[in-house]
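Working notes for the structure below.
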Ligand code: HEM
């Protein structure tokens, strides 16, 4: 009996170590775009470094957000429960890149001219929509700690539904920003549509069907 318990503990420890190592690797991977951006700007490879940095940080905010949204379906498909432990990291990196994107815009594009920023926020729909997306992401980032998860209990999951409107607004912002070729925003929009459809099926349609099919009613 004791041998079984210690074997179970041993394999749990191995699993925990593997998850921690993978989290560290993911952390490094999520920082790579910044290294690449810095290199391209410093080396002078980018003809318009300001536009490049603003666009690139925006795009990576979107990529990490989509990656975070992929975790639940991936967990369902693979049955690997530990995947959920990478969702917070991806979500926080998305928020981090969105903040960098915002700071680059305020600093490099607007030189902290607040009157001009205000004019943009109320006068340019794509900036208004991006701003609302960041505002929606803020409470998610703030409440991502274990303490907040415990404190908010079921309301934590309810609050984290905000990720979906934030994602919809982010891709909308992308559509409005792209002037000609909308292929890329369409790819993100279709993937988001599939993710949302899966979520509605899992949370709404599937339990409803199960209730209807159940012999005890
Ligand atoms: C206060 C909030 C935001 C502001 C002020 C803002 C501002 C901008 C600006 C000025 C550009 C255009 C850069 C250019 O054409 O040179 C841009 C592009 C973009 N932004 Fe934002 N943004 C905000 C929020 C977001 C958020 C939350 C996301 C995603 C999570 C995002 C994703 C993008 C993407 C994907 C692009 C286009 C990149 C490309 O063309 O390759 N933005 N944003």
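Cβ from N, Cα, C; glycine included.
Please treat TrEMBL annotations as automatic predictions, because they have not gone through curation.
TrEMBL lists 57-170 with the feature domain 'Ferric oxidoreductase'. Residues or ranges marked as transmembrane segment by TrEMBL: 59-78, 90-108, 128-149, 161-176, 182-201.
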Exercise. How do the residues of the domain 'Ferric oxidoreductase' (57-170) split into helix, strand and coil according to DSSP?
Worked result: 103 helix, 0 strand, 11 coil
Seminar exercise, completed: Taken over the domain 'Ferric oxidoreductase' (57-170), the predicted model's pLDDT averages 96
